[in-house]
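According to TrEMBL:
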- 39-462: domain 'Major facilitator superfamily (MFS) profile' (DOMAIN)
- 40-61: transmembrane segment (TRANSMEM)
- 81-101: transmembrane segment (TRANSMEM)
- 108-127: transmembrane segment (TRANSMEM)
- 139-159: transmembrane segment (TRANSMEM)
- 166-185: transmembrane segment (TRANSMEM)
- 191-212: transmembrane segment (TRANSMEM)
- 272-291: transmembrane segment (TRANSMEM)
- 311-331: transmembrane segment (TRANSMEM)
- 338-360: transmembrane segment (TRANSMEM)
- 372-396: transmembrane segment (TRANSMEM)
- 403-428: transmembrane segment (TRANSMEM)
- 440-458: transmembrane segment (TRANSMEM)
Amino acid sequence: MAGKQDVERGENCVGEEIRAPLIAAANEAKHSKKDDRCMLYLSTFVAVCGSYAFGSCVRYSSPTQFAIREDVNLSLAEYSLFGSILTFGAMIGAITSGKIADYIGRKGAMIVSSGFCAAGWLSIYFAESALLLDIGRLAAGYGMGVFSYVVPVFIAEIAPKDSRGALTTINPLMTCTGVSVSFIIGTLLTWRALALVGIVPCAVLLVGLSIIPESPRWLAKQGKQKEFELSLRRLRGKDADVSVEAAEIRDYIETLERLPKAKLLDLFQKRYLRSVTIGVGLMVCQQFGGINGVGFYTSSIFESAGFPADLGTTIYAILQVIITALGAAFIDRAGRKPLLVISGSGLVLGCLLAGSSFFVKEYGIAPGAAPALAVSGLLVYTGAFSAGMGAVPWVVMSEIFPINIVGVAGSLATLVNWFGAWACSYTFNFLMSWSSYGTFILYGSVNALAIVFVIKVVPETKGRTLEQIQAAINSS
């Protein structure tokens, strides 16, 4: 009996001796995994400071309109030029962004963009006339155009496949945050002080870029093998085994290097046509569904429907951030296509509700129901857009283009996006004058077509490397 107990004690001791190092090793691996991602998360945070700068610049003209017009003595036409010239700067930035990012790197492009944005904010701060205001707004718009392309591409190129969707979605989340914060603090600060606040994310970005590594895929494309491996190891952790991922990236880039350098007309070759159709098509779906018309004129829409504009706009801004954050959390679990389809369905419903509010008000069917329908419609609309159509097209755009055409193709997609933003915001008031409820029926129809486009054309990219996604698209 005693011998049996001794044996059991001995077995227990041996078991403890075996379990102890295994538990320690498991804990060490767990902590190591957390530590491995520190540089990845830092690099993403630094990059999305550009997205925050983008958002704060977009919304700057909304809370400052009356103060700027009074201080600088601007006419309505002059202030309208000040507001809209941002979009033209962004289109110029979109055209040149791919070439800049390919030539001087993703970090270099973000440095250029930050410089333009900071110079633009300073020009606005010191402005005593319409000319300096317009120059500053144009410069900031150029920086925004570059940011809107290079930030999602940089994040997609540094992220592992299991978290690429969530990390890339932080880009539009920070844009929404910049929009909302700028709107809220713009009611508290003077317009010159708000311009100085706009420089802060640019300064944080410039400091952060001196710490984080360059995109490993760009380094590999440039033939800088030593820097490529060092960058990949810093992003994955010093103890991580990056040999398989590095070999996959090298093999894919070697295949692409045998192809001629892409020009704009080359994008319409059969081998690239599907990826270009997907990237550009999603940008058309995003912009021509009415988001910028609704976003720029939210206050007037609420007023037209008989709802308090300040309350409605504040709810609109906060909801946008919350829903975008939830979308970022679920994009790598739910997938890109389901979020786009759900988002498109919500946009159609939001348009129908908002259109109904104007219809019942115009024809006096149930005028008391108009404010409730308008509020519910716009909140459903912005919630649905933030859940998928706002963020996912940028995620997919950053994933689908082969690295030899990503500069030209990404610039084209970004240009189409900014052109759509301008066209939608410019025509919105004219459409509303034509028919307020008809405007939302038109937007609802575009969003219904977007759902069909997503189901028929857009592939699911969740859980696949960039090389796997691009090879599958271009071989089909």
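Glycine residues also receive a Cβ, built from the backbone N, Cα and C atoms like all the rest.
Any TrEMBL annotation is an automated prediction that lacks curation.
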Ask   = When you scan the chain for residues with a C-beta under 8 Å from the transmembrane segment (40-61), skipping those not six or more beyond its ends, what do you find?
value = 79, 82-83, 86, 110, 113-114, 117, 120, 137, 140-141, 143-144, 147-148, 150-151, 154-155, 158-160, 167, 170-183, 186, 194-195, 197-198, 201-202, 204-205, 208-209, 211-213, 235-236
Key: Cβ-Cβ under 8 Å with the transmembrane segment (372-396): same-chain residues at least 6 beyond its ends   = 148, 152, 156, 164-165, 168-169, 171-173, 176, 278-279, 282-283, 285-286, 289, 291, 294-295, 298, 301-302, 304-307, 312, 315-316, 319-321, 323-324, 326-328, 331, 336, 339-347, 349-358, 360, 440, 450, 458, 461
Inquiry  = Contact between the transmembrane segment (191-212) and the transmembrane segment (108-127) is defined here as three or more C-beta pairs under 8 Å separated by at least 6 residues; is that satisfied?
reply    = yes
Message = Over the span of the domain 'Major facilitator superfamily (MFS) profile' (39-462), how high is the average pLDDT in this prediction?
response = 87
